[in-house]
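Written out below as structure tokens is the structure these notes cover.
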Amino acid sequence: MSKLKTMSMEWTGEEFILIDQRYLPLEEKYVTCKTYEEVAKSIKDMVVRGAPAIGASAAFGYVLGVKEFIGKPEFEEKMKEVKKTLANTRPTAVNLFWALERMEKRLNEIKNEENIVELIEKEALDIAFEDIEANKTMGRFGGELLNDGDTVLTHCNTGSLATVDYGTALGVIRGARDMGKDIKVYADETRPYLQGARLTVWELYKDGFDVTLISDNMAGWVMKQGKINAVIVGADRIAANGDTANKIGTYSVAVLAKEHGIPFYVAAPLSTIDLDTPTGNEIPIEERSHDEVRYCHKSKMVPEEIKVYNPAFDVTPNELITAIITEKGVVRPPYNENLKKLFEK
Ligand code: MRU
């Protein structure tokens, strides 16, 4: 019997199983991780992606590390290595580091207990179940911001696949529907990795939503035509001043939303807010393989010798963000003050 089983991940107590997001929607394949190294590889290679899903995966990877090294004289040293290996996978989404810090702190608290494995496994499961709860709560808060009949534009994939379940920005859209509102969605394809076209459209279509796919360069024109009432995106890291790193292309959508007077919302749990990073300038931006740009999914479009730049994320300055939807409520500017208050409550 699985202890956790969602669309994106499963924890059996022995193995961590991930739906392989690299093959969706054409093939439904799974990757089974039995070691922390396999989890780290799955995060790096984007078998699993999306900030909260990466965080939860790292937590289960950490549990696999504890199981492997418990009882060995070099346990403490090995656990440092486990943490480092899991951390050295993707640099931008802060949920990864947040989850690893939490797991390490818990391990230190319980290191003299007899049932270390059971307790550390519980911590990972808590992270996972808290994520689902946070998403549902964000869905209720964010759902209030949408009106019956609205059409929302979203970027990247922020749904059940990007989280443990339900989703952040897609969670808000789901939350609005759960309130009885009819919400339509436009999904940007999200070049170069096509999370919007491959994952968001698949998820929303399966869930019965009226979803329309557009290529990224169509966003401005659909706004101009009056088709969009709100933009909602997720986040990989929100700095203390509200500057938000999210999938490359988010910044352009925010600029377009401002030009067209459309509210631009970010939906993210507290585990994505990094008060230790003062502004977006200090957020590390991952640069990924140039082949992601040279190829359109699996077809090569340009020769090797063409220079490529492939930042996987951009930063949307706080002044372009109408509100940040969290599980503790909807935060509006000034973000420097109001984000901090979330952690004081
Ligand atoms: O490179 P990815 O696919 O991991 O990037 C994911 C995103 O940018 C998402 O928008 C973000 O993690 C929020 S997911 C709830």
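Just so it is clear, glycine is given a Cβ too, placed from its N, Cα and C backbone atoms.
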Given TrEMBL lists Arg49, Gly50, Ala51, Gln195, Asn246, Lys247 for substrate, the same-site residue among Arg90, Arg174, Arg177: Arg90
Coiled coil range according to TrEMBL, out of 93-123, 124-154: 93-123
Whole-number Å value for how far Asp236 (active site, proton donor) lies from Lys247 (substrate binding site) (Cα to Cα): 8
Binding-site residues near ligand 1 among Gly50, Arg90, Asn246, Lys247 (Cβ under 6 Å): Gly50, Asn246, Lys247
Entries of Ala51, Gln195, Asn246 which, being binding-site residues, have CA atoms within 10 angstroms of Asp236 (active site, proton donor): Ala51, Asn246
Beyond the site residues Arg49, Gly50, Ala51, Arg90, Gln195, Asn246, Lys247: chain residues whose C-beta lies within 8 Å of the centroid, for substrate: Ile54, Ala93, Cys156, Asn157, Thr158, Ala162, Gly234, Asp236, Ala312, Phe313
